[in-house]
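Undergrad: Please see the structure below; I have some questions.
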């Protein structure tokens, strides 16, 4: 077999037929030869491929179709040839389907390819070439990309460098937006076979573009062009890169590249669309339409068709052929992918032109979804939603426009749109937005503020109650409109009329009715059909009480527009105000009969209110009442069906429920309405009525009062009457009376108020007269009020308002008042008698009180005089004591002189048991103590070193005699245990020199030793007095103890003398230098005397530890005081008195003592004298 021919073996011979490839016969002839010779299948396939290479596709298909049936399979490995035949024919059908533009033909081709591949699967399923072909077929179908991926993957597992599989995987990765993965597959294919066709470089270039590596993409496209100068894809890629540079030279280069591509392939849709886009910016719209239409018809790819339709649509759009533009925009949206939203933007504009804002909004929403922060889209959507009646959409618009103003703060249109949205919900925010727009106009744009904006700002200030600001802006708007009228007189005159009407409304609010009326009439002269002016003039007349004039103005409005609902509503309200329910009902029914206003909410509510009002009139026809309730309820329900948020209808339903007796349900309805808004006074009143019906009078009163404060400024007599009724029902008649009298001040001629005042006066008077505890003044006042009530009822029974209450009831109440007045004299007499009895009783009580007061004054005076006398006696005793002290000092001086003489003569004359010193012992014997003890005593606390001092002299201790047996326990104690130490002043320790101890007599030495041991306790006797006084009872421990206990006490005092000495040094202070010694008439020796002193010392030590204070009246700075000698028994009482006086008063030279100690010593002077003595 030669290279340019093929041999066909003849059946049953060794001969062959040689067919030269350059001279292949017709396909049918070849088929007949092959059939006749029963040729093997692989020869059929080889001949078919040669026909395909020569472009004879029909013969190629015929041969393969015949080979499927007539090919000889009687040889080894024929299955592979059989599979190759089926796959080759299927691959051809797939290729034809990719090129086919007719959808039906394309579908047929795909069906045939599917059938062939299915047959091949049954022969050898996992052949690489079969899997590759099938995978490419799946790629063509588009929705079987995962199957194709799996088959390419299978092939690569068997043959990692299979280039078709690598390219297939690259294609799938690119479509899945895995551009890096796609690029890796392309690179691997290129490394495997560097001689790959240019399309591999083209694929790499697209991957580089998606990865934003534009320079590498440019290199890849350039290399593809080098490999294949007619590669249209590479030319288009380079052209797009050049056009995106947005420079004149680059754009020129890009267009030249597109022109080359167009020359190579005039039917390439990508080239055609890019050229159409170029000519659109060149404003050559005819070429745009020609190229785009040509591109549309030369592609079956929907994305390319969408691009073509978009180019066509916008060329028609810019030429204002909106119907054609709409058609192509719509068609582009049908073909476009989700990421291509430009056709939706154009289609939305077309919907706006057609007035279909709903569809327009949907289109722009799709654009905004793809580009969330697109400025133009947000602005258009904000403007569309701003005009919507749906509050949710208005809120969306507000959000969009706020974003727009944040991105572009100088966009005046966006600020104005935002202000218009905020007008309904946020007046202050709207004013701020208008202010920003005004500032931008004046500063950035250098333009005058339009009169429309000034008028809107004035209207906003009017709504806020800033009437002065509103007037300023209205006048400025009028001036601006007059200035602008030169350019467009008709438009700006219309603005002037609107602003003038707003200014007239402002004058109404400012109570300048004359100015308002003048402006309304001026407008009507120029524009007689301005209905609102007639209505406002009528409303002003109605507010003045001129109902007939108001009716005339409303009828004037009806002459202009016979079906004007506002005019009929105002006339109907006039009838209702005059309680003409029938005519008023007809007016509102007329409004509802008109087709345009058949579901007018206001009229339906008014009708419901008319039926509800009939329920307030007393009637005995229960059926009629129930019928009216059902009608009112049905109307209110209808209103709620039309407008689910209508609060007035809900309030009406609550009122009907209350009339039916469902008070709890009615209260729930009213409560929900009040939660929704607190600006409807009727809801507050209805809630209060419900509280009254439920007997919750306190809550009702609070609700009525809150309603008066919030809505009526305390001047609405109707609400005041409701309040009075609640007070009357809860029994607060006085508050009820005051409330009604306030209402009478507002409406003095109101007969219902007069009736209620009379009724309350009657009830108050009745309660006072029946109360037997009422005094004469209250009874007389009640009779007076009862007479007034009688006059009121008598008057009302003759000239009362029959429509508001029953005159017979007034006459009945008048008779009842008359009956009460006839019984009043009895109550007056009773009260008068009771009053006289009370007066007598009060007089008697006053007299007794006066006597008691005088008695108390007398007792106080006597007490004062008695205290004065006692004080005087104390002063006299003090004087006596001072005198005696002086005498003692003189006597002490003589005694010291005698002592000095005796010392000079020798000490042997003293006797052990008696002598001079047994009769008188001088306690001022610190001079005889050892020096060491004296120093030790100086270390004591300052309170114990203090001495008491008399006004200028030194105090000597007095000798004390043994008291008689008949005295108190303290004196008995002195008899047994020795004298109780008396308070003494400490000596001046620093100025005295210690005398030599050997000069003392032997008897004195023993006493001094004993005295030194107990010296600290002797001075604590005064502290005992303070303790007694503080405790409030006399302390007499010695007198309380029995005779049997005394020896025990003595023994303990002797054994513990050392401890007592330590205690007196540590707890009560350092030991004193002075001591007291007294001779005992019953004892001949010193020893019993010592024991007695120790026992007393121990007791006083313990007491001084408890007290812990320095003696009262002691001076810290007096060092000149000296210890005094004991006085005789005859001086006992004077000393006691002077001691008390001195401790209570203190001398003039002493420092002021603590007040508590002085008071204690004064109080304890009488009780403590026995102990201290």
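The first residue you see is number 1, and the count goes up from there.
Positions of Cβ are set from backbone N, Cα and C atoms, glycine also.
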Undergrad: From 941, 1057, 1074, 1151, name the one Swiss-Prot lists as phosphoserine.
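TA: Record says 941.
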Undergrad: Looking at Swiss-Prot, which of 263, 895, 925 is flagged as phosphothreonine?
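TA: When Swiss-Prot is consulted, phosphothreonine appears for 925.
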Undergrad: Report which of 1079, 1143 appears in Swiss-Prot with the annotation phosphoserine.
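TA: Record lookup in Swiss-Prot returns phosphoserine for 1079.
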Undergrad: If you check Swiss-Prot for phosphoserine, which of 911, 1085, 1138 comes up?
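TA: Among 911, 1085, 1138, the one Swiss-Prot marks as phosphoserine is 1085.
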Undergrad: Look through 1041, 1097, 1134 and state which residue has the annotation phosphoserine in Swiss-Prot.
TA: 1041
Undergrad: From 1037, 1055, 1147, pick the one Swiss-Prot annotates as phosphoserine?
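TA: Looking at Swiss-Prot, the phosphoserine feature maps to 1037.
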Undergrad: Kindly report the helix/strand/coil residue split of the repeat 'TPR 11' (531-564) according to DSSP, in that order.
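TA: The repeat 'TPR 11' (531-564) comes out at 27 helix, 0 strand, 7 coil.
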Undergrad: How many helix, strand and coil residues does the repeat 'TPR 4' (198-231) contain under DSSP?
TA: 27 helix, 0 strand, 7 coil
